[in-house]
Amino acid sequence: MPEQIPWLTVLTFSPLVGILVLLFLPKANSRALRTAAILTTLVPLVVSLWLFAQYDPSAQAGGIFVEQTPWITAALNSEALNGVASYVYEFQYYLAADGLSLPLIVLAALVATMAAFASVHINKRWKAFYIWFLLLETGMLGVFMARDLVLFFLFFELTLISLFFLIGIWGLFNREKAANTFLIYNGLGSAIMLIAFVLLIVTAGFQSVPDGEAMRLVYSGNYETIMANLADPAAYVNIPDAQANGSNPFFMSEGMRWLVFILIFVAFAIKLPVLPFHTWMLRVHAEAPPSVVMIHSGVLLKMGAYGLLRFGVFLFPQQADDAAYVIALLGVANILYGAITAFVQNEFKLVLAYSSISHMGIVLLGIASLNQIGLQGAVFQLVSHGLISALLFLIVGSLYERTGTTDLRELGGLARALPFMSGVLLTAGMASLGLPGLSGFVGEFLAFLGLFDSMKGVTAIAAVGVILTAVYVLRSVLKITFGPMSERYAALNDARLIEAVPMIALLAFILLLGVYPSILTDSMQHGFDRLFEQLNSRVGG
Amino acid sequence: MEPVTVYSQYAWLIPVFPLVSFIVLTAFGRGMRSAGMLIGMLGSLAALVLSVLVLLERMTNGDSPEYNYSFDWITIGDFQLNAGYDVTNLSALMLFVVSVVAFLVNLYSAGYLKEDERITVFFGYVALFTFSMLGLVLSDNLLTLYMFWELVGVCSFLLVGFWYTKPEARAAAKKAFIVTRVGDVGLLIAVLLLFWYMPEHDLSFAAIENVFGQTGTIAQGITTLIAILIFVGAAGKSGQFPLHVWLPDAMEGPTPISALIHAATMVAAGVFLVARTYSIFEASQAAMDTVAYVGAFTALFAATIGLVQNDIKRILAYSTVSQLGYMMLALGVGSLSGGIFHLFTHAFFKALLFLGAGSVIHAVHTQNIHEMGGLGRQMKITAWTFGIGALALTGIPPFSGFWSKDAILAVALDKNPFLFAVGILTAFFTALYMARLYFLVFAGKSGAAGKAHESPAVMTIPLVVLAAFAALSGFVELPWAGMGRLGAWLTGEEAAHSGSGLVLVVSTAIGLLGIYLGWLIYVKGAIPRDFISSRAPWLVRLLERKYYIDELYHAVFTVGLRASGRALDAFDTYIVGGAVRLISGAAVWAGRAGTRMQNGQVQTYGLWTVIGLLALILAIAGRRFW
């Protein structure tokens, strides 16, 4: 493909083009709307897969795809400092895809396509649904690519708003309450994130650029600038007293760093979610339409972990290192708490919700390891859990459509009426409990392996979660599929083609990653290089 | 020496054949019946043929270098995780055992499950299991082994729960998976430990043997820890106390599965694992003792339970647990060849016994031995072959179990007379419960189950073949100098045979005594059947309830987990959720209060304005005085 086409932009905004198409379709024709939406989601999927295949981590500059152009430049006061310098805010339209972003971009595009298929169960206001749906896709693709804090924030908010409507309009009985809880909680997270970002922009985002005779003093939201400044001992942000006549307003003290780090951690911990910020997502899992939960559980939760890595760990390696123990313990708490609570739920969707909490604990373990193996394990786990939970909720949607309930006490023996779906459910359950050969095992194993280097005891305790996961997964999956079947389910029909296609596609990816994990790990090979440079230089110095 | 690897280098194909069968059956199996069976059988037959060729190659070139192939599975920075296979004498032997039994079970199942509507699913699962088990024995490193280890566990789970509509089958499948998973966590942590302690993070068995073969490279404490953790994994798979509880319940699966998975192959994987990582155990006396004592205890413990069970398959299941205990005992007292020898013979005679039991069940449609009787006249082939299997298990010469059990007892006597005594006592109980089983089923008058017919040829042929193995396979290793061929081939040196004459006599006598006692009780009636139960009913009850282990686990783990789940769930709803509601409630309250202020009354606004102004003035004025 030719170089001059801005593929990242195409990738991010192609769903918006789809929205334009949707606007011209009759609103009662659900089939046409759905077809248009599915076709639209194929564009980012194909582009992201192509980029993933093109990505060569060993190439110059890490082979990262970048698109960068000035976007908002707001002059503050051009007369300041007697015309010697001018202050400006500068925010860029800055997209980039590296080894950390690319797997998540592919995941987002893939899950979006599958969820578009699964939206066959949506039964009202199709046009509006797909418009919000595609907006959501643009938002999440943008989140994984934005490298300017303001741009990131905008994409992040876009996902909140579109999800709010998707839950509130198309959810189940308590949908409005669920949507409100979601919005309040995540709004709180966004507010915290915004504070942290503003603090970063006015300190680490500062740089002076020669502009002819004068100096241009720039407050930038540019991620690379901020990262470089934070890491550079000679940057303003690291010099307590740059000018003799007063303290440096751009200086970031140790305490300030901790504050920003903790703000960022909390902001994304709500999203992940980390205990005890998880209650909102239970409601979303239970009330949102299954195809939206596929995206929510499959992709949106991953934004929490992504943000934690990109803005927490990468920008503040020192703080992350000091807090590693706390992060690991939170991870263990997530794993055990989620698994034990999942065991007693009677609502299958809540089992899966607590299961997500448990699995995100593994991501925290991988992050806490702060070594190559564990971090790759964390990202692998993100992708893997994204695929698995998308598949599980895909089945939930099809199941609910047929049985009218996902209450475990009312289900049973469905393997007789629905052999194909039951088989897929069983396989997805196996993937979820970390069966080797399927993707769940690799992420889990790498996270454990990485963390074991520095925290053996913590890892050993976390490994107990492996048993508990088997316990609750088998309990719920076998309750649904095995055992005697109620006669009222005898006439159910197995999956239709439009349901089977995304199931098989997701299973294929789960199997592929489980058998041939290098396809993912190789692309992440250099995703963490700069982090280790900083961590190592700190240890050395 | 130039390695001879004509067939060994194609050993990777052995598991691939059944894998192909599985894929074909899963993708296109719907609606197939005899074609599905044929696909399953072809896969296992192909595996068998190549396994035999590999075994012959290793037998004729036993001391030639082993063929090894491995590749990077995951590379992360400087770390590599490999996957690969190597063909050692041990793995060649295991390939043979697994593929022989798998093929015969495939054949047998074609008769046994002829009426079942999901027979192609069954053959698919069996093919997947065969693939995983063959992969397990071929693995050249611990991580690859662990992966197949989990896969065989899943296949076992699927097949135990094959008749999924039965709640008992569902419960048994779940239990099998979860209890073995407890052991698997031990193995997983052992893998993690080894990865970080092995030089160059090499998990291959060859490297493990190198490193642990020489003392001092890895600290003693860590060595013991790794060995014990591996043994925890092995105990889970091989049904060793206290993780044995799943194996008897696993009898809910179809009987051919009990023969293949829960007697001959998968449950022996724990023994195989210990043998494969034997150098770690040898480097730690504490670990060796653990293995020996747990094995001996399990052998005796399970044999006593087997004395009073009434379900034909459960008796055999406890017998399997007991015999696996023997193998562990052998490994624990330092006899690698003894353990593997018994694994080898046991695979045949126990598979035979299970398939024989299946033939009986097929005929009389009950599993209760008290409802059977007199079947010896109606089912001649089954009775004869079952008798050979029973004698092999009991350890009567010249049948195979005699030689392998003798090899274990001889070493035990040499190393630890106490363990030898436990072994002999177990042998006595073994003879007694097998005599009880055999006489109740095949001798005497017809039982409640009534008339029976011999099973079709497709089921009896595997019985005859296995009976031949059960009778003759003991001759690969005889307890006289120069005739310990198996041991010499496996370990490079022949096992010592001190004092084996005594052991031969004692163990034969004990076996005959047990059978004689059984005959007196169950055939002749010279000793009343309730001789013990009338005098010590509590003892029989204790054995019938299997020492209340299941009840104990239920009370501690199941109830405990459920209670903590409920507690956390309540915590989640009321404490965490309550805090959230409190905060949002406070916000709502503040909002309401604010709304109330704006009630449209100018007087109220005026009042609030004055109050606000006063507060402001006070704040500004008050500052001066602070």
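Every residue, even glycine, has its Cβ placed from backbone N, Cα and C.
All TrEMBL annotations are machine predictions without curation.
Lifted from TrEMBL, the feature list:
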TRANSMEM  B:35-56  transmembrane segment
DOMAIN    B:73-123  domain 'NADH-Ubiquinone oxidoreductase (complex I) chain 5 N-terminal'
TRANSMEM  B:90-108  transmembrane segment
TRANSMEM  B:120-139  transmembrane segment
DOMAIN    B:139-430  domain 'NADH:quinone oxidoreductase/Mrp antiporter transmembrane'
TRANSMEM  B:145-164  transmembrane segment
TRANSMEM  B:218-236  transmembrane segment
TRANSMEM  B:257-278  transmembrane segment
TRANSMEM  B:290-308  transmembrane segment
TRANSMEM  B:315-334  transmembrane segment
TRANSMEM  B:340-361  transmembrane segment
TRANSMEM  B:381-399  transmembrane segment
TRANSMEM  B:460-481  transmembrane segment
TRANSMEM  B:501-523  transmembrane segment
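Long-range contacts of the transmembrane segment (B:145-164) within its own chain (CB-CB distance under 8 A, at least 6 residues past either end) are made by residues 118, 121-122, 125-126, 128-129, 131-133, 135-136, 139, 170, 172-174, 176-177, 180-181, 184, 187-188, 191, 233, 237, 250, 252-254, 257, 261-262, 266, 269, 273, 276.
Listed stretches B:90-108, B:120-139, B:257-278, B:290-308, B:460-481 were compared with the transmembrane segment (B:315-334); the greatest number of C-beta pairs under 8 angstroms is found for B:290-308.
With Cβ pairs under 8 Å as the measure, the transmembrane segment (B:257-278) is packed most heavily against B:340-361, out of B:35-56, B:120-139, B:340-361, B:460-481.
Segment contact holds for the transmembrane segment (B:340-361) and the transmembrane segment (B:90-108), given three or more CB pairs below 8 angstroms at sequence separation of 6 or more.
Outside the transmembrane segment (B:90-108) by six or more residues, the chain places 8, 11, 14, 18, 37, 40-41, 44-45, 47-48, 51-52, 54-55, 57-59, 123, 126, 129-130, 133-134, 137-138, 256-257, 259-260, 264-265, 272, 275-276, 340, 343-344, 347-348, 351, 355, 358, 458-459, 461-463, 465-466, 469, 490 with a CB less than 8 A from a CB of the stretch.
Sorting the domain 'NADH-Ubiquinone oxidoreductase (complex I) chain 5 N-terminal' (B:73-123) by DSSP state (H, G, I as helix; E, B as strand; all else coil) yields 29 helix, 13 strand, 9 coil. Residues 149, 179-190, 193-194, 197-198, 211-212, 243, 269-271, 273-274, 277, 280-281, 283-284, 286-287, 290-291, 294, 328 of the same chain sit 6 or more residues outside the transmembrane segment (B:218-236) yet have a Cβ under 8 Å from a Cβ within it. Long-range contacts of the transmembrane segment (B:35-56) within the same chain: residues 7-8, 10-11, 13-15, 17-22, 24-25, 29, 87, 92-93, 95-96, 98-100, 102-103, 106-107, 109-110, 119-120, 123-124, 126-127, 130, 134, each at least 6 residues beyond the stretch ends and with a Cβ under 8 Å from a Cβ of the stretch.
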